[in-house]
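Take a look at the structure set out below.
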């Protein structure tokens, strides 16, 4: 395999064949190949290496090539090549980057290019790895308290990044954390491990960034260390960055639950057309799916012509159904975001929401029947009451299931819930309503 | 004025007369009076003193009475007496507690009683004062670095509470903050003021807790010092407490935007009836207000009888109207929570939402007309298109205004928005729809 073959395969974006080819070469041959290729192609080849080989190759490369490689991993061209891969291909072709290489990338790349480089490095868009900063100061397991204190004094870094230091063994395995303030209280000659907090949980690069950030803030951890799958430290997430992750996630959830996309900028200075753009997509989705309600009503057009009074309760009944559905969706979406429920709980959530919906349906049906019967007749009162009893459990069941279904399809639950639920509940509510009406009135 | 008069006035809950009476006494007479009263009555009298007098009286009291007073301020009985006052009366009768007294209260009261005591102390339910912790360690303006470091070493407190120390003058005025880690980097003999960060903003006890907590997290401040109106330190809010305040506020906003009350507990273990209770209130409010739509449709019952096809588009049009309204409400509610807009911006928000709504109405009307006309006739197509153009700006205007109106009435915008908007938009949408239909069809 020579450089021109590599170039052709890269130009053709035939990454599967390229991956198969480079995986047959040994570390030494690969190092030579990478050294003679132009930086971008070298970077493509490098990212396709198996994890065990890539750390070895990276170590063998000379300083210059290594630095070219790191810069190349941040180029737009390379980002585009890997962005074209779908996630399954990416995880099949691109192995986890060894912690040593990832750490060097983190500290070598300009902050503005970090997100692009981490994408090429194979970290998922929602993973905590995409929000890592370079580790400012570490404590080694054989350090004394005084040695670590000196290292903090000497380091020209933001204090926020050193409030909690990762404690590492010689091979960068994370074994604990050290609150930098605890150094003030310790004997300078004591081993750093005596002041260390043992590790309770390790946050891995692949973890969902919102989940990881929420856990860090809940526990009041000032700096969150992030490790690869072998518990070797890769980078850190200071608490203010964790707070930012949560603020963005909450802004998005809140906006989406209100049927709009998040603005991610201040409201007043944002131009009208930008605001309209965040809203129009949803309104169109809603409008297209609301066409379903038109079709459902068309089925019952003759029933409506016979008993026009039935039309009076359409907004009331679809409103209650839609609200019951969105209440269920809101509760389950939040529980998902808080990591309280998962896909394994599908049956429990469904049963819970169905029963809750039935309870609500009965609680609403009683006053509805009592008020509507004297005003619009016993028939209409019964129809409205029965519709509530039948439709509320359906709406709650669907509303509670959709966020879980979305999660299973790897879609943000907040994105799909609102328009889908209101449309579904409107249509199902109308079907239930008219079916009950036809049966009771004998139409 | 003698002890028995005080007891009668306290028993009668006639606080205005009691306040007027005790305010006529001097510091010395008040101190004597408080010393002879049983602790609960003494505490009532104490809370009714003007600020200038209460600090003086507190200083004159002997140790035992002082400690009884502090304990009494936490009793249920006293809390009930002051809880009965409406907020205006409270702020009129009960003066701001001097920082020195508030600080002693904070550190003397058990954490479980803190909220009750802070209520009696006159702090508003949503104020940051209600979430303060006692200050663990302070730095005095004339300290050296070594003196402060020794104080941290000697203090038996959680490290999280001393990451940032308030720097105070002799009269407890906050003049800056000191990052405790900066001590590691300083010459031990240097004055502490040389390592101090000057004060940019001061958080006062009366500030809204959500606003204060968001600002602290955004700025990555590890500990937030809280001062009285004279910038004297009262207490602190560590960052993990600030994170908890925001998490609770977000949970509430998110739940309310989905038309349900927040659970504030884990979803799966919560009993069905508890969940149903968080939802039924909203559904009933919605149902009662949805009766409005029934009345609107009754007005147009004869029109519906003539052209049954008009009923087909009721869910579609009310759905789009309701969604346009809730989009506007969501954006404005978030901007309010983020302190980006206030009541002063009412006209700008209204104008912005009206224009956005008009833009959205036109964007939706064009495809709606193009699709509906060939299927249901030119009349229906025109009616649907015009309804969207007229109703969307109304819905957006109302949706954007309601959160501001709620704020003006000191009601949580998230509480009132959803049901009010969906009902209003349904009713207004139906009115617009049938008015346009009658005009165009000449019914």
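Even glycines carry a Cβ here, placed using N, Cα and C.
Here's what TrEMBL has on this protein:
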DOMAIN    A:192-254  domain 'CBS'
TRANSMEM  A:280-297  transmembrane segment
TRANSMEM  A:303-320  transmembrane segment
TRANSMEM  A:354-377  transmembrane segment
TRANSMEM  A:383-406  transmembrane segment
TRANSMEM  A:418-441  transmembrane segment
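Counting Cβ pairs closer than 8 Å to the transmembrane segment (A:280-297), the top stretch among A:303-320, A:354-377, A:383-406, A:418-441 is A:418-441. Look at the domain 'CBS' (A:192-254): DSSP puts its residues at 29 helix, 17 strand, 17 coil. Panel annotation: around the transmembrane segment (A:418-441), residues 256-259, 282, 285-286, 289-290, 292-293, 296-297, 299-300, 303, 307, 310, 313-314, 317-318, 320-322, 324-326, 329, 379, 382-383, 386-387, 390-391, 394-395, 398-399, 402 of the same chain, lying at least six beyond its termini, place a Cβ under 8 Å from a Cβ of the stretch. If one looks beyond the transmembrane segment (A:383-406) by at least 6 residues along the same chain, the residues whose Cβ comes under 8 Å of a Cβ in the stretch are 310, 313, 317, 320-322, 324-329, 331-333, 336, 341, 343, 345-346, 349-350, 352-358, 360-362, 364-366, 368-369, 372, 412-417, 420-421, 424-425, 428-429, 432-433, 436-437, 440-441. Taken as a whole, the domain 'CBS' (A:192-254) shows an average pLDDT of 89 in this prediction.
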